[in-house]
Every structure is written in C-alpha cells, then in structure tokens.
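Student: Would you mind keeping the following structure in view while I ask a few things?
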Amino acid sequence: MEIPEEPANSGHSLPPVYIYSPEYVSICDSLVKVPKRASMVHSLIEAYALHKQMRIVKPKVASMEEMATFHTDAYLQHLQKVSQEGDEDHPDSIEYGLGYDCPATEGIFDYAAAIGGGTITAAQCLIDGKCKVAINWSGGWHHAKKDEASGFCYLNDAVLGILRLRRKFDRILYVDLDLHHGDGVEDAFSFTSKVMTVSLHKFSPGFFPGTGDMSDVGLGKGRYYSVNVPIQDGIQDEKYYHICESVLKEVYQAFNPKAVVLQLGADTIAGDPMCSFNMTPVGIGKCLKYVLQWQLATLILGGGGYNLANTARCWTYLTGVILGKTLSSEIPDHEFFTAYGPDYVLEITPSCRPDRNEPHRIQQILNYIKGNLKHVV
C-alpha cells in the first residue's frame, strides 16, 4: 500500500518541523475536554513512523511577556492565581470566562503557557527559515479573547502565532476549518488589513459561538478582511472542498498572503460527538493540499476533535499528506491500538445523515464573498 507520492511541499527539501516533547504531550493530555488526546495523536504518528521524516523541535514555554502580546495582564495574572490554587470558585472568575466550559482547574496556567509556547516556537521556526511547514497539533485554541477564556480555550495560541509571524511576514492569512467559528482570532484582527481571517463553520441558532454569519466582514481598516462561510449540518467532502477551494482561490488572488496559519480542528469529521458535519480526513486533506501548493510559510494547528480516535486518525492522515506519504490502511500496533476498534483501519466512513446545504444557498454565499473581496486592495 506504500505508494510514494510527490510530497505536498515538493520543491522544498526542508522537512516539516513537528512540535513535540514528552513533557509537552503530557501537559496537553491534561485538558479535561480531550484527556490523553495529545498522546493518542503522537502515538499514531509515531506508529506510522512519520516522526522520522520530520524535524522534531521541543517547544519553549511561553513567557508572561509573550502571552501579553495579546492577552491582558489582568487576565493572565488571574489565570495564574487560580491555577496555583486550583480555585474553581474565585469571585472574579466569571468575568474572565472561567467556569462552565473553561473550568479553573489546578495547573491550567501551565497548560496555557505550554500550548502558547508550542505555537510560538513553530512560528519562530518559520521565521528562521528552518522549514516551510511547522506543525503543532496541540495548538489551535481559537475562541479565547484577550481578557477571557471561552469554549475550552484559555489562551489564544493562534493569535500569538500570527503576531509572532507578523515580525517577518507582512500579510498573514488565517484559515480556520474547525466546526466552530474562529471568533477569537477574527476579533483579534477585525480592525487590521494585515491579517485576513477565513472561517468555514457550522452556523445555526444556538450553536456555539453564535457568530460568523457571512455579513461579519471586519471593521474599520479591516473591513472585508474577515471572511465567513456559514455551513449547515451534514456536509460531505466533495461539497466542502468545492466551497473551500472557491473561497481560497479568490482570497489568495485578492490578498496575496506572505504566510498562512491553518487551523484544522477535527470536530467536522463523521463520528464526532458534535454530530454536525459529515466529513472525512480525505476532504480536509484536499483543502490542506490546496493551501500547501502556494508554497508559503505555513503554520499547521489542531483545534477541536472530541472523538479522540478519529481525531488521531485525521491528524495522522494529514501529517501523511504534508509528507506526501500514502499510509497503510491497517492501524499499526501501538499503545492505543484498542481505541481503533472494531475495524482498526485509518479510514473514516461518513454516516447516513442528510446534507442540509442547498446548492443555491452555497452559491449565494460564494457570490457574496467574491463581491466583498473586490474591495480588498
């Protein structure tokens, strides 16, 4: 089954950078919403021996100063305080978004600093020319605001990564393929024309975070530099790729980015408890290949993904896409092998749910976006 393909980053002899250390995986495993997910992802990548074809870089921990390039001092200090005490009932926590979906558990500050550091380290590798593609599957926490946690996200590592890349690259394109709207990243850059944010996501009444309608286009100097593609339940690979390619083609021509940050949350994949989109890693892989053919400095991040085995399948497959490797269908024996039953294969089959996306509505959205991008100079 091992058919060598043209690597997706062909033309670049530099191997991708892969952010990893045992300590990093161990701290990322501690997130209550995705326990041990980081270990499952890394173990499967290792089982397919993909780590041997990448440059493994140990992440630094983000300093207070680095985190404060986006987050407020007051928020960071509060996060540090409750993290040391494991104080879930601090009276100020509610105003900082802590509690409910972002519990203030002990050690949460160290977790946030580790993730932020992972993405900043990856961005720095791109700046230093150590690679053309840098991967931090444990990053991609796109909901956090400058002064509040939101949607399982305590620190917005995607924003920190973009800010770091801006030291070298003038125009940065952020593409968010998570099931949820990348609201924290969009908000952070809504007033600037230096960062364009593109988000494909589920948009429906009562679905978190409730933002990201196609009329959300940015503000002030950043007007038309936010692109939102609202999608309904049941979408599958072919239609999703058609939408993604159509939008990215227009975006690339209009904006001419110098670097790309790609958030690849796996909660769009069939079998996710979110039970919304009906994608497989192959569809996301086609979108990834489309971005990689631009041959720009590219920072790859994870994000959502609550069916842990499917998330590991997805990100391992996508790592294979980046390396130009076709992976064997049989899951290799490794520490988490039993999680891949009953069939123990890499492929994911879409479920039999109806696709709620009507072709004329999709065309309307694409036409609207194309019209908006005419204003981008």
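Residue positions begin at 1 at the first shown residue.
Backbone N, Cα and C atoms are what each Cβ position is placed from, and that goes for glycine too.
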Student: Let me know which member of Asp87, Asp89, Asp92, Asp267 Swiss-Prot also records as binding divalent metal cation at the site of Asp178, His180.
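Tutor: Looking through Asp87, Asp89, Asp92, Asp267, the residue Swiss-Prot assigns to the divalent metal cation site is Asp267.
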Student: Using an 8 Å cut-off from the Cβ centroid of Asp101, Gly151, Tyr306, can you name the remaining same-chain residues around the substrate site, in sequence order?
Tutor: Lys33, Phe152, Phe208, Gly304
Student: How long is the line from the C-alpha of Gly151 (substrate binding site) to the C-alpha of Ser39 (phosphoserine), rounded to the nearest angstrom?
Tutor: 22
Student: Rounded to the nearest angstrom, how far is the Cα of Ser39 (phosphoserine) from the Cα of His180 (divalent metal cation binding site)?
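Tutor: If we compare the Cα positions of His180 (divalent metal cation binding site) and Ser39 (phosphoserine), the gap is 24 Å.
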Student: Determine the Cβ neighbour count for Asp101 (substrate binding site): the number of other Cβ atoms within 10 Å of its Cβ.
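Tutor: Other Cβ atoms within 10 Å of Asp101 (substrate binding site): 15.
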